[in-house]
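Encoded as structure tokens, the structure appears first; notes follow it.
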Amino acid sequence: MKRTFAAALGVATAITLVLAGCSSEEDLPEAKPFPTGPVTISLAGWSLSTTPEFKTLADGFKALHPNVTVELKEYDAANYDTQMTADLAAGTAPDVYVLKNLKNFTTYQDGGQLADVSDVASKLGNTVGGLSGYQVNGKSYAVPYRQDSWVLYYDKDLFDQAKVAYPDGSWTWDDYAKKAKELTTGLKAAGSTAVGTYQHSWQSTVQGFALAQTAGASLESGNFSYVKPYYNRVTDLQASGAQPNFGTVTTNKLTYQAQFGKQSAAMLPMGTWYIATLIKQRSTGDANKFNWGIAPAPQFDSSTTGTSKTPVTFGDPTGLGINPAISDGGKVTVAKEFLAYAAGEAAAKALAGIGITPANTSDAVAATFFALDGVPGDALSKFAWSKHDTKPENPVSKHTAGLQNVLNTLHSAVLSNSKGIDDAITAAQTQAKNEVLNQ
Amino acid sequence: MATTPLKRRNALVGWSFILPNFAGFAALTLAPVIVLFYVAFTSWNVFGKARWTGTANFIRMWHDASFWTALTNTLYYTSLHIPLTLSASLGLALLLNRSLRGVAFFRTAAFFPYITSMVALTYVWNMLFSPDYGPINSFLRFIGIANPPGWTTSADWSMPAVIFVGTWREMGYYMLLFLAGLQTIPAQLYEAARVDGANPWQRFLFVTLPGLRHTTFFVVVIMTIGSFKVFDLILLMTEGGPGQSTLVLSQYIYQKGFVENQFGYASAVSIVLFAICCLVTIFQYFVNRRWND
């Protein structure tokens, strides 16, 4: 009996080890000419019923190449990377998959799960933003098809009510903080319960701007002093009541969509993805119908403010990469053609048509986007949408995920007033040095 | 020893009965656990081959301040959660182990939190704990406490808040086990104790507690393991924060493994957690055996 049990254990171990080890790196099969017969490639996506972009891309490509079918494989939005990792390791992942954020790009690239697509990337024009995020040692491993950037949403009706002038593109963060307080006082005087601004609980709402806008700031350096002025401003806004405090946001699970959409806050720093959501929620009644606009994100100092300059902000591209386990050469050619299409102007127009901010923001694409019903048509909104220097939220490195966790600890400690900013920075630097950067 | 055909047949029949369950257990639990012991000695990010690194992961753990914080927090949670839940569930069981009107209702009410979705109840508790607008702090202010704690948003109070919710949720389940235990104590023992002049406290101490020994042992073991591997409650209520004030071992493992893709290191921490659970259980087992002698 005992021996049989041991044997069973041995077999189970062997099987698992084989399964774990079988996902070794492979070279792409040699590319063949574009097939003329029917061919199917698979594409990963998430929440297909509420995220139309994948179907838009698949349908658009089918219209150009009627013999190709792009089959969508649905994943869970919240667990996309975990599920994709498991599928890639098991060899069951689709031919083309989406890189939902830059943070996990390194894991895939370093793990040999992305084919070299430098030939596709080199043919894309300079209106495509976010390409550099996917380059390692001069080679491209994915191409971006959408590129959201962080901007400042504002509620014109609440501004009018508080008798505060609209943003004009000239704001630094100090101006923003001052206006948030003025708005709060003005709104209170007008009998409204709304506050000046809403900052969501994510670490990126503070750290993303700090890293992108501060000269010389670097996550990898392990020196985090650059976040200090940004946190001081936020804790001051919390204390003055100009924005809901972190504890209220987390314990009551406030959503930014409701805070801005239901007019509880006059301003909201958020990514451009929210434009499509807001327009949709206005039509379904999940958001009030009010006048709104977008302005460039407030800046570090006046050197980048004003509509004659290029405002600095952050945002991660969403890209497409090719699974190196793709089965034959014909499919390789089709998959590369699909990537070129997705990053190109035709797909960008189709994506802009459904309210998405594509990576390619040529004038023609911008025209399509602002022709949409419900998109604010003022000049500043157009400027904020199409002109910005968008830095990646995080550098592509094997330390990024670890450093993000360290800084998330700092974020919750400082905003909950559990730690002073100086102590928190010292603690984060020690933690980064001893636990992440030495790995 | 020669096996007779009959014996072999009986063994085969026995095996075939446990096979469906065992196959699932072997494939989904046992094999991964065994592989874990290998992965813990490697550096592995899920793709490709794991690189053998010997004891590097364990040396790293020794110098890892976050690991020690997580371990301390886990011990903090365990050391308060076990006695609180034990006394609350035993108290409830004693209270509801009598024939009073509507006892079934009260038993169900006490059991309810246990069968409620964890996501839903942490959502509600978080709102109750909300520092500025939550009912708990409104009540505290009403009775004259000017600066009530920030609960899940304060580094000092987040752990007590989480322990409280954990105790509230689990006491109903252990109450049920104690109720079952109480039914097995013969009524004659209480009668005899009464005849001997024992007061209620003495009857509890010398009849009830010894009679519940086996149940208590089981409850303590299960509760200890449960407390050491507390995860969903923490993740949903505080995500380990503010700062690292409620970071526990299983969440640290999750963070290192599934967020940072360091499966080798995460496995090494899992082994430490496994070893702690094993040691504590063995210790409890020996203590229990000594009592039995």
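Here the Cβ of each residue, glycine as well, is placed from N, Cα and C on the backbone.
What TrEMBL says about a protein is an automatic prediction, not a curated fact.
As annotated in TrEMBL, transmembrane segment covers the listed stretch B:204-228 rather than the other ranges in B:179-203, B:204-228. Among the listed stretches B:12-41, B:104-125, B:263-287, the one sharing the most Cβ pairs under 8 Å with the transmembrane segment (B:204-228) is B:263-287.
By the count of Cβ pairs under 8 Å, the stretch nearest in packing to the transmembrane segment (B:12-41) among B:75-97, B:104-125, B:263-287 is B:263-287.
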